[in-house]
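*Asks:* My questions will all concern the structure given below.
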Amino acid sequence: MASCASIDIEDATQHLRDILKLDRPAGGSNAESQRPSSAYNGDLNGLLVPDPLSSGDGNSTNKPGIRTMPPINLQEKQVICLSGDDSSTCIGILAKEVEIVASSDSSISSKARGSNKVKIQPVAKYDWEQKYYYGNLIAVSNSFLAYAIRAANNGSAMVRVISVSTSERTLLKGFTGSVADLAFAHLNSPQLACLDEAGNLFVWRLALVKGKIQEEILVHIRQPEGTALNHFRRIIWCPFIPEESEDCCEESSPTVALLHEDRAEVWDLDMLRSSHNTWPVDVSQIKQGFIVVKGHSTCLSEGALSPDGTVLATASHDGFVKFWQIYIEGQDEPRCLHEWKPHDGRPLSCLLFCDNHKKQDPEVPFWRFLITGADQNRELKMWCTVSWTCLQTIRFSPDIFSSVSVPPSLKVCLDLSAEYLILSDVQRKVLYVMELLQNQDEGRACFSSISEFLLTHPVLSFGIQVVSRCRLRHTEVLPAEEENDSLGTESSHGAGALESAAGVLIKLFCVHTKALQDVQIRFQPQLNPDVVAPLSTHTAHEDFTFGESRPELGSEGLASAAHGSQPDLRRIVELPAPADFLSLSSETKPELMTPDAFMTPTASLQQISASPSSSSSSSSSSSSSSSSSSSSLTAVSAVSSSSAMDPSLPRPPEELTLSPKLQLDGSLTLNSSSSSLQASPRSLLPGLLPGPADKLISKGPGQVSTAASALSLDLQEVEPLGLPQASPSRTRSPDVISSASTALSQDIPEIASEALSRGFGSSVPEGLIEPNSMASAASALHLLSPRPRQGPELGSQLGLDGGPGDGDRHSTPSLLEAALTQEVATPDSQVWPTAPDITRETCSTLTESPRNGLQEKHKSLAFHRPPYHLLQQRDSQDTSAEQSDHDDEVASLASASGGFGSKIPTPRLPSKDWKTKGSPRTSPKLKRKSKKDDGDSAVGSRLTEHQVAEPPEDWPALIWQQQRELAELWHNQEELLQRLCAQLEGLQSTVTDHVERALETRHEQEQRRLERALAEGQQRGGQLQEQLTQQLSQALSSAVAGRLERSVRDEIKKTVPPCVSRSLEPVAGQLSNSVATKLTAVEGSMKENISKLLKSKNLTDAIARAAADTLQGPMQAAYREAFQSVVLPAFEKSCQAMFQQINDSFRLGTQEYLQQLESHMKSRKAREQEAREPVLAQLRGLVSTLQSATEQMAATVSSSVRAEVQHQLHVAVGSLQESILAQVQRIVKGEVSVALKEQQATVTSSIMQAMRSAAGTPVPSAHLDCQAQQAHILQLLQQGHLNQAFQQALTAADLNLVLYVCETVDPAQVFGQPPCPLSQPVLLSLIQQLASDLGTRSDLKLSYLEEAVMHLDHSDPITRDHMGSVMAQVRQKLFQFLQADPHNSLSKAARRLSLMLHGLVTPSLP
């Protein structure tokens, strides 16, 4: 593999496209190279006669995995202002650049209620901090729910896991810092991966055992200690693509990518588990199973792995998106295949590829469309990865009328089907749902609508669990029983009488600021006729229009089936064939169905195989027409009419919408007056199912012409609709072709072998094929692309007469075939020779491995259950059947409904080949895995070449063997047809029961509806009676109350005043007298009091204070107003004028000064220039004179110095020799004497130490010379032998010698080393001798004592034995030292040392 520096840019770009299958036609070379040439059906269906529905019509090339986009002309710009209520649902997006303005009701401070379309159920209460989390706080699977929390006591990070079915809980711990990201491998996987802020990876396998959650650690990779905490860390699992043959998809990809701040790591978990058994494992100990990708300047934000795990896409805050090719097993470094800036260098926060991971079709390329986001997803862009052009731009902005305009901070997630993009705003309590449409052929994708749903709290993180179809009635979801009942009966009343509508159910688990909630959103998608109508012809899976376009499948629909016309039959061919068994995949190896899968019901087959008159007689009655229509429905759609009409059968959400199979059935009408049209739905079957279906019809030589005529008639009708049309995505752009031609030279042998194999299938003579006929690699590539061949070629290859005019309708030959014919120089020769016998075509393949083919047929029949067996089990299925895959169920029915045909072996396509087979330069890992398959394909190709070259004399035996096989097949076919007749009788009875049950259900519904209407009428009558009673009582009360009031008032006026006046007259006289007397007394007292009060000083002061307080405010206001209105403006004007004058004066003065300064500087510069010229000339002369003198002097000095040096060296060498000899003698003599003295001292000290008593007191050695010992000790210290130096000084029992050592060596040098260099006996002796006399050099002794005591080893037995006595002696000396001089500066250190010794001595006392 070449290094990254030597890669051509065009080569790398084309290599990336080859890996991702971006610009590959529908029949890529890799797909056809995987097809074995030993199977007759495979060669016939894949090479000779491609399915016209899958390759001919451009409208049918869209696959069932992704909803396609109708032809919509987008505007340039659009602004969508959301309203915040339920009317902001499915607002159409009709422009390339769209700005979406958030509603004011979505702000956190708004009091608006949540949306009625959102159902919330709390799961757990916990307070999360409101901020933008770059990773996920929650991970969702079908069985478990995991979310990150913090412990209440210590704040450590944990992950809470909840079982969705039993609500059982458990905790996962052991994280460093917070949990940066967590994710399940896929929805059905029990593997949970967590990544904390330190970069530690945890992978658990969760299981529910006896009602308890059991967690098993699979991988635990630990980062080095001290790794910086960083929240920019992400987990990216390799996408999981479900297989068609898998019932339970719990296996997950072993590849996971980790995004750190400065790098990305891709880990192969299987390799890690095989090489390590115990966890955790440090990352430094792992040598294989991972690869590191570096290439971004700032931290990484998002990433994605291709489904085959060979390409990694990374997005960073530096604005770049880069694609890396990775090989985990090899030694090659990852290389950058492509890079670009999608948002002009702004930080990226989103990288989503629009792949359908729910029902991925092998023909649909991965990574076709890409969604990128920047600035916390405030700007989203849709990209085409073939042309790298922006298709649409969405910008989110805050409400401009809001008081607090907080910019949006959006979290985005794409559902598995790539149909809906869900966004949550961290700064607002709202969820957005955007619908996504794609068109693979035209290379277009866009967002078609946006829906706004208000919540009660902002969503910080969320996980999608289910996005499915549902039925809505008055904006509510139907119950399960009514949902099935209304499916078969709603369309009989027409589109205007519908009570239910197609809806979408989105189930999320959302982390709010206050709680974790289960959120369910139900809404009706956009039903614009301009958008929905083209979907029925572009897509091959469920859509939303079944409520308006679905015909009745009950009795009314069957009754109207006999009044069809010729355009109805033509409309059948426009519908795409179901991709699960009708359409042959041309990009990968086709799904090779057995002949049993093409088996039609006995009623239709007998009518075709017997005679044309039998088909005309079948239209004599209405009942026979109805049964014929029902049987043809079963044959074409592979869905039994019982399962389509039975309202009691449980259906998954995907099956509630009309699939093209039902649309095909519903549009099938028959003409009762024409026998050819009556049989055309059954005779159309060979056109839909090429290959084995034709052999199934032609049972004998006498019936070949009948079947051929029916085939010719149907092909004439189907031919204009099945012509191949060029598609924009099927042709390569010039840059792609040029880059591909350079990369294809190494693959010429493979293409040549494939061309030979296809040449045999196309009956090209061997003489036309030469090794040098392949002119270019592009021609060979075009040969491997699918070339649609129509019905006449099918007839010619099978030995059937296609009728006149069929030979003109054939596809254009490929470039290689044209080159071959030009080299042979036979312009009159035909590309297709005379059609051989059918036995000649099949003998070479059937003789190769007939027994193996029969065994594979039995395996295929064992895998697919018969329809009657499945119908018996459908009623007993529980609600878990709703989770089953609809495509797998239909494929099973398709294979089983035709399971009684012939015994031609058709091995089933391995569903993983389309994922493992890549471009010619795929990774070595994938090449090793597919080595065996390539070998088998090569062997089959060589066998085919050998069979072409065989002489004709071997063919009679092969023909005889083939005839014997055909006889056996015919015999088996008759038996299977009989069994199929019995099966169809049971199916007809089942259909009748289902129709009766549907009618009874409809009758019950109508009866319940009538009862509800009667009850509502009675209720309305009661309400009307109650209203009348209330109105009558109100009228009576108003009338009586007015009259009664007037009469009472009149009576009171006439009676009450006279009586009151008569009774109050004496009382009034008495009161007047008493009041007069009281007033006179009060008047006198009032006058006296008022006079006193007026003369009081307090009153005057109070009045003055009140007046001052009253006038203070107005006066201040008046002065302030006058000052502000009069004084300040006048002062400002005067100051402004003054400053203006000052400014003008200063400016003028500055200008004059500058002018004078410039003139002065110019004159001074001129004078200096004039004075400098003579000085410079003089200096130049002096320099030249100095140089000449210097040269002369240098020569003279060098000669004299050389002579003097030689003389001095001669004299010095002589004297130096004499002095050196004397010095060497003296030094050697001194060193030898010193060495002898040291040796003597060492021997003496050793002897004395050995003879010393155990009391610990050194034996004095008075005979040693003190100076010699100091010299020896100094030498030991210089050599670093500290222990020996202290030991010698202590052994001499001389305190002065010990002080000499202590003064020479710093205590930090002795005790600063991690292991103390002094042994325990030396430490004890040092402590004892230093403490013997603390009167002199107290500071030095105390410092050494403190360090020595701290370095005593209490576990040493010698230390434990002698420490008590030594410490007691030291304490006594310290006590004496403190008593002698208590105010000494060292008393504090001595007291601290005494306390330390007390703690050491006390435990040792008894």
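Glycine is treated like the rest: Cβ placed from N, Cα and C.
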*Asks:* Need the matching range: Swiss-Prot marks region 'Disordered' on one of 537-562, 563-588, 719-744, and I'd like to know which.
*Replies:* 719-744
*Asks:* Of the residues S424, S641, S892, which is given the phosphoserine tag by Swiss-Prot?
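*Replies:* The phosphoserine feature in Swiss-Prot corresponds to S892.
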*Asks:* Which of the listed positions, T879, T922, does Swiss-Prot note as phosphothreonine?
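*Replies:* Looking at Swiss-Prot, the phosphothreonine feature maps to T879.
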*Asks:* Run through S409, S640, S895 and tell me the one Swiss-Prot describes as phosphoserine.
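*Replies:* Swiss-Prot records phosphoserine at S895.
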*Asks:* Going by what Swiss-Prot says, which of S667, S745, S1061 is noted as phosphoserine?
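*Replies:* Annotation hit in Swiss-Prot: S745.
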*Asks:* May I ask you to name which of T812, T906 Swiss-Prot has annotated as phosphothreonine?
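*Replies:* Going through T812, T906 one by one, Swiss-Prot flags T906 as phosphothreonine.
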*Asks:* For K125 (N6-acetyllysine) and S1385 (phosphoserine), what Cα-Cα distance in Å is obtained after rounding to a whole number?
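*Replies:* Their Cα atoms are separated by 65 Å.
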*Asks:* Roughly where does the coiled coil (971-1030) sit in mean pLDDT, to the nearest integer?
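*Replies:* The answer is 88, the mean pLDDT of the model over that range.
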*Asks:* Using Cβ-Cβ distances, find the residues under 8 Å from S1385 (phosphoserine) that belong to the same chain and are at least 6 apart in sequence, listing them in sequence order.
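*Replies:* Result: none.
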*Asks:* Based on DSSP, name the secondary structure state of K125 (N6-acetyllysine): helix, strand or coil.
*Replies:* strand
*Asks:* Report, as a single number, how many Cβ atoms besides its own are within 10 Å of the Cβ of K125 (N6-acetyllysine).
*Replies:* 10
